[in-house]
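> This is the structure, below, for whatever I ask next.
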Amino acid sequence: MTTEVGSVSEVKKDSSQLGTDATKEKPKEVAENQQNQSSDPEEEKGSQPPPAAESQSSLRRQKREKETSESRGISRFIPPWLKKQKSYTLVVAKDGGDKKEPTQAVVEEQVLDKEEPLPEEQRQAKGDAEEMAQKKQEIKVEVKEEKPSVSKEEKPSVSKVEMQPTELVSKEREEKVKETQEDKLEGGAAKRETKEVQTNELKAEKASQKVTKKTKTVQCKVTLLDGTEYSCDLEKHAKGQVLFDKVCEHLNLLEKDYFGLLFQESPEQKNWLDPAKEIKRQLRNLPWLFTFNVKFYPPDPSQLTEDITRYFLCLQLRQDIASGRLPCSFVTHALLGSYTLQAELGDYDPEEHGSIDLSEFQFAPTQTKELEEKVAELHKTHRGLSPAQADSQFLENAKRLSMYGVDLHHAKDSEGVDIKLGVCANGLLIYKDRLRINRFAWPKILKISYKRSNFYIKVRPAELEQFESTIGFKLPNHRAAKRLWKVCVEHHTFYRLVSPEQPPKAKFLTLGSKFRYSGRTQAQTRQASTLIDRPAPHFERTSSKRVSRSLDGAPIGVMDQSLMKDFPGAAGEISAYGPGLVSIAVVQDGDGRREVRSPTKAPHLQLIEGKKNSLRVEGDNIYVRHSNLMLEELDKAQEDILKHQASISELKRNFMESTPEPRPNEWEKRRITPLSLQTQGSSHETLNIVEEKKRAEVGKDERVITEEMNGKEISPGSGPGEIRKVEPVTQKDSTSLSSESSSSSSESEEEDVGEYRPHHRVTEGTIREEQEYEEEVEEEPRPAAKVVEREEAVPEASPVTQAGASVITVETVIQENVGAQKIPGEKSVHEGALKQDMGEEAEEEPQKVNGEVSHVDIDVLPQIICCSEPPVVKTEMVTISDASQRTEISTKEVPIVQTETKTITYESPQIDGGAGGDSGTLLTAQTITSESVSTTTTTHITKTVKGGISETRIEKRIVITGDGDIDHDQALAQAIREAREQHPDMSVTRVVVHKETELAEEGED
């Protein structure tokens, strides 16, 4: 018993140790061990196994505790009689059930087989079993409390002790397996979590990187019209519209459709930023530098709703004028400069403004002290004008300049001759040597296209033509051709259509550009402007000296050669004509100058270059090169012009419509040859006329100054020649290009890279009006051609309109002679009409009569008339009846008036060496006509080469119509003095004052 007890005590110790360990590891094991101890009573019978078995079991337990989770080799130490149970236990464990009773039963049966000879112990075991059975429920519920009861039992059964190690082994295995699995699961989960966290972090990093990439910004710098710079940061892939909107928001500008952003692609090429495309794609590798400019010049700035919009337009025009892109006459420079001072400085104050140095302001490309004095003098007369009113007056005068709103592009015709293509609100203009030689109104253009570096326009056939003609031009490169094409598409859409045209639907494998203007049209813009409802925005006007940064600084004589250098795509195209020449263009109604009322209606054939060139030389081969000409034409007083603005358009139209049949008078008959040529109006005839005139006048480098007083007409010699020249140019119809242009029409458009067929949807039927107007102009030139200098200019007016010649001068003179003496009423009417037409803004060249007329400043009294031969004969005059038919004499009637003439001639004893002999080679010839209320001035400029020496001859004829007597001597002296003042570098060779008095009616001497 002692041995048994000792072994049992050892087993208890081991079991208690195992139980403690198990309890530490997991509380559930303790409950399971206690349940095993309270098993069936049969287990106690086997509580006395052989000592060897007990020692083996204790060893097994010890080894089991020491072993790691890899306890798979433990079966080697288990006796054979336990192996089955082990496997069974494992199965049960695997099943995961807590069924330990079957295992205990197996152990008990085996023990009973071996322990049969101990009946007493069996009885004791049974008793204990009964007691244990009673406590079974309590053991399950109170696991922790059973622990002490089990340890206090006096005779625990050996079977119970032996079974504990086996169950513990299996449980430990199960636990270890579970732990291993859990560890693996936890490890896997941890790994997954780690991976997920890492993945999320990586994704977050990538996302943040992407975000930074998407939000990567580029700094943009935009130079504004007042010279300041606006900077902003834009997303790299932002479209042009984003930047444009930011700039307009910064400027507080709502009427923004007239403006755009320019970027410099090359030193000579500027492009408009397309708002519908990404900026990055358009700039490529260029810096993000832009300039804010006017893209579409409003034909009538007075229709703009807000003052701030007009202010920005003023700033743009000041830049254009100061840089030479918008040529002006001296008087126009002075007048516009005075309005600039009034807008920026306010009313003239002797104390405050007397000491201001006007040289700080830039009014013209080449500013002289004389101009500054004139500006200051005119500034005093604007007292009371608010800045907004001054800006409005500035725009009213500037809009009539011939080059207003013209975008010039370099090109060559089919013969390789350098020309310029100008795009404006009315159509496409063709210039050669700074003279406008043709005009294609939008209604006459059927299709615009480009292929590689060629640009084509398909023109609607004329009345007598059966087929359409295509005219081609060669541009410097493909990009220049595409740029010109896009500008044409945009201008046509903006000015002529009611709404933008939708781009063509993409077709499979189609060629050509799909570009279409996507912004608002002028009609839509005006409609939107009427909806603007906000207080007038406050803005500060800046000094005009900012314009000086774009100046050429070229001398007046050379100015025209490079004035356009900084103009996008038109470098050196236009020169700012000498201070006085520009005004001619102002009168041009059609092309360069837009009528306030119906900008698109005029067929205009005038020169755009026209300030100086306003003169149009007829012949295809004769073009005026005025780089060395320094003639200064003064514009008609602006006040007078403004008074007639309201009725100018009507008068012009009426004047053009009336086409009186010209009849030659006595004096004209003597000069039949030139007249006949003039009548023809063709380019060939023009050439002949020019040659004839050249023979008659060119040889001498002299200046003939004739002053005609009281309706006297001066020698027609120079006049007719001038008229003829102009007329040939007039003849060119807008439908036909100059010879070189038309010849290029043969090129085909089959594979045009870009194609655009303008839809002539005009807002109010302006197209029809324009077409009719053009047709009238075309027809008139022929009959009008017959008109002589002295004849009423009305008939000639129509040809002049196209030719832009000095015809007006003639008409005015004749008409006024008759009207002044015989029909005062008619005189005033006609005079007013002519004055309005010619001086419509002192810059506008009336298409009808004065294509080349420049306004004469009211101040300018130099009535210097160029005449090679002063006529002293009876003059037959034709009265021009206004469309209004106010005159008593019908336009078609040719009244013959008896007149008395008186001529005073002054000839300089020194005549230039080359004056007499060889006439030399005629290089250029120009005729400029300007008119004021009572004075008509015609200037003829010819440039010839004799023996390698270049000669410039200026003949100026001034006709003064009035009822009062004029001192001839004083007029002669004044003419000489003014001629010398205007051209100090030239000598006056001849001055003729011719007075013609109508005896029949007035009886004046």
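Cβ atoms are placed via backbone N, Cα and C, with glycine included.
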> Considering the residues LYS144, LYS203, LYS236, LYS902, which is the one that Swiss-Prot annotates as SUMO2 cross-link?
LYS144
> Can you check which of SER157, SER302, SER614, SER890 Swiss-Prot annotates as phosphoserine?
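Swiss-Prot annotates phosphoserine at SER614; the rest carry no such entry.
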> For the candidates LYS140, LYS474, LYS946, I need the one that Swiss-Prot annotates as SUMO2 cross-link.
LYS140
> Between the Cα atoms of SER386 (phosphoserine) and SER170 (phosphoserine), what distance do you get, rounded to the nearest Å?
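Between the Cα atoms of SER386 (phosphoserine) and SER170 (phosphoserine), the distance comes to 109 Å.
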> Quick one, of the modified residues SER170, SER386, which Cβ has the fewest other Cβ within 10 Å?
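Selected from the modified residues SER170, SER386 on minimum Cβ neighbours within 10 Å: SER386.
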> According to DSSP, which of helix, strand or coil covers SER386 (phosphoserine)?
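The residue in question, SER386 (phosphoserine), is coil (DSSP, three-state).
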